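Here's the structure, in structure tokens; my notes come after.
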């Protein structure tokens, strides 16, 4: 490969290991993928079929589950194929498409987590205003806003990185097209692009994280004032489960994109990325539905319908 030729494809290194371990990893991730799709689909169907769940909290949750299905689909099938293939090639455009979709969905996820936190804040801290402020129409508008903003945010970074000259080595030490390893492959250093991307990530991650944590702080303060024990317990269990999802997701993306991880060895980067890209979509349906009485009833109803069908 002549070093002045532009790169037309990249090689995703993935998890270089023996064939037996590749097969083992393939099986593990395949099972996780199927479980993730099943769990999130169950939530969507339960909300769809149960009229009691046609409320803002569950509409947001069903959107969130729909998002998780696509989020995990933007990376895992390609990763599974790479476990079984010898070459692991991805085309130049394929790489940037994956980068765009994966990051747009991650961004949409931060917006949905914010919307869900805001919904719980209104329900618990402003219960009298809640029905008038959070109507189903407004909730649908908020959901649409999350999708639109999530998918427009990353157009600039993707464009900037795709304009960098790639001419030499084309091996990405990762299982997906991540901007960090991609920028390292550029033939000319691009400090401006790196700084823009870093600022972009930090602003996005910290602003949504602060919004979510302040919402839940206010919720917890309000809950502590609730006189009845079971009222407190109910509110805590809902918020506790939301906080578990939030801390899993934000903990791992902060390690990845905010701490100076550019220097992290590839291995650590891959493990942390696996955590938020593969594990959180698996845990979300479990965390959100198992702690929730209405959701459990709706799922039981759903399974009865499926059995009869």
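Cβ coordinates are placed from backbone N, Cα and C, and glycine is handled just like the others.
Bear in mind that TrEMBL entries carry predicted annotations, made automatically and left uncurated.
What you see is a predicted model, and the numbers here were worked out from it, not measured in a lab.
Transmembrane segment is the annotation TrEMBL gives to one range among 139-161, 162-184, and that range is 139-161. Only pairs six or more apart in sequence are counted, and the transmembrane segment (56-76) with the transmembrane segment (271-290) gives three or more Cβ pairs under 8 Å, enough to call it a contact. Cβ atoms under 8 Å from those of the transmembrane segment (198-224) belong to residues 107, 110-111, 113-114, 117-118, 120-121, 124-125, 153, 156-157, 231-232, 235-236, 239, 242-243, 246, 250, 253-254, 257-258 of the same chain, restricted to positions at least 6 beyond its ends. With a cut-off of 8 Å between Cβ atoms, the residues of this chain six or more beyond the transmembrane segment (23-49) that come close are 15, 17, 58-59, 61-62, 65-66, 68-69, 72-73, 76-77, 79-80, 83-84, 278-279, 281-282, 284-286, 288-289, 295, 298-299, 301-302, 305.
With a cut-off of 8 Å between Cβ atoms, the residues of this chain six or more beyond the transmembrane segment (236-259) that come close are 106, 109-110, 113, 116-117, 120, 124, 198, 201-202, 205-206, 209, 212-213, 216, 219-220, 223, 269, 272-273, 275-276, 279-280, 283-284, 287-288, 290-292.
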